[in-house]
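Straight from TrEMBL, the features:
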DOMAIN    387-584  domain 'ABC transmembrane type-1'
TRANSMEM  32-54  transmembrane segment
TRANSMEM  393-417  transmembrane segment
TRANSMEM  429-450  transmembrane segment
TRANSMEM  456-475  transmembrane segment
TRANSMEM  501-520  transmembrane segment
TRANSMEM  563-584  transmembrane segment
Amino acid sequence: MGGDAEVRDILQEEQVQTPLRTVVNNFLHKKLAMTGLIVFLCIFLLVLIGPRYWVLDLSEQDSTLTNLPPGYNMMSLPKEMIGNVADIAAGRTYGIGIDRDGHMYTWGHTRITDKIDLADIPDEVREADLTMIAAGEDHAVALAEDGQLYVWGNTRLRQDQFSSDMKRAMQSGEDWDIVQLEAGNQFSAAVSAEGTLYLWGNTNMADAKIRSEYQGNIQKVALTSNEYIALLKDGTVAYTGYKGSGNPLASIPAGLEGKKVVDIASTAKTAAALTEDGEVYVWGNTGSGEGNIPAFEARVTRLYGGRAHYTALLEDGSVVSWGNNKYGQTDVPDSLEGKQVTAIYTGNFQNYALDADGNVYTWGLKGFPLGTDDLGRDMLTRIINGGRVTMTVGAISVVIATLIGVILGGLAGYFGGKVDILVMRISEIVGGLPFIPFAMILSAVIGTRIDPTRRMYLIMVVLGVLSWTGTCRLIRAQILAQREMEYVTAAKAMGIREVSIVFRHILPNVFSLLLVSMTLDFATCMLTESTLSYLGFGIPLPTPTWGNLLDGANNSVVIQQYWWRWVFPAAIFGVCTICINLVGDGLRDAIDPKSNER
């Protein structure tokens, strides 16, 4: 039995394998190279398939979402509020809630500036018995049971400065039975049961004033970014501010004439009204889809507005949302089907629904896993789409450089003589050029005259044309050694054309080394493109690449305070290039005959 095993080992030892199988087996046994290959394939699939799901909009920007840190907790209610909700106010990136005991809670990204955080609730607010809250762009307002108003957050633009009429009413209690409290873009509003509207805050940008003839006849108001509309006690809708001339919100739809309005709502640039017969009217700047009112299966009873979407509560307790759906703010969860919704709280990009059992359902913007940049754009989306651009540029540049290097190196190595001298002198001239400065000059001179898409093609060509010299020398050296082999002599004797001998007979025998060279050059071209983009001479913004996403690293403020804007692009780019080099080194070792020695 021992002899048979020994014979079996000898046969296995002497088993003949094809060169390709030998290379594959050698590569599979290199754990570091396999790890690099797996990680690279994961990144490659992410940047290849990811843009289908993380769609890039080059014109996207939102001033309310700038420089947000990584997180996914914008709608994560504290457990103390579950089943005990009295009121919820949804801000742009945060939420504020009051439970039935009058206690206040905050969640999400509450920081407004480096020094202002809405989570720093003043002690007098925490100790008060609160009944109503409102969340604005940069401040919050709360109403206590004793009628006292509290404002905190950003108060630099008079967000906490009450008018003399408000102070008088607050102290006396007359005409101060507040039934509605709203907070908007640096200004706030309160409506009393007597129909008095109180407005305060920054009035430089906003039309936060009311004409005297409407005072005492206000039933409800809805705030937009810089103005408001009012529902009057007689069931009509009016623009009661002073800047109605030329304002699309002041053009009340003709269809509302003669109809009684029972509810109003607003987004940043539009207004909506609900008539007593269940019809919904939307007017203003409806460029985000707010005007695409869906067909309702039941009569609408209440309207709620976010930044660019509306949510409606129907008579049967169901909920419908429409408008801008970039962050899923109109995707009503299936878990709400069949539930009897009793209250809805809608903010900029968030929706909260409360059912009869006290359960809270949320949909909309929960956060950004990798944060946002200085224009409010999702870093994850830009990294994924930027990776596709960077890899595409690197791959095409390598293909161009390889084609030039193979052709010139093959001709120089096979024919020798004057052809070899000419090709090598050209190679030395191109190789002697200062690569990065020369590429910067070409990009600056030519790139300013063409659009960004063509400039990307220019970068590909420039990198390819300036990167072929290494491949050319490699192919020349290999062909110089291969052209003296017997199979080349036999091919010449058979009358095969010399060009065919070079590219159909000799080249396949050096393809393994060429593959290693291409792998390593791929990482080099990606690094070069990113270097040019980082320096501002590559693909320009807003088209993202891993290079120009690192532009924030030039700013010390970004490095210290907004670290996610450069750490994540640098991390994925570094991991990707390291993995490519690991694969290249693994292939080189697997192809090297010395690695097969036993």
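The backbone N, Cα and C atoms fix where each Cβ goes, and this holds for glycine too.
Just so it is clear, the model here is predicted, and its values are computed rather than measured.
By number of Cβ pairs under 8 Å, the transmembrane segment (456-475) is matched best by 393-417 from the list 32-54, 393-417, 501-520. Here the listed stretches are 393-417, 501-520, 563-584, and the one with the most C-beta pairs under 8 angstroms to the transmembrane segment (32-54) is 563-584.
Below 8 angstroms of C-beta separation, residues 32-33, 35-37, 39-40, 43, 67, 69-70, 370-371, 373-374, 379, 383, 386-387, 390, 516, 519-520, 522-523, 526-527, 530, 546, 549-550, 552-553 of the same chain, each at least six residues beyond the ends of the transmembrane segment (563-584), sit close to that stretch.
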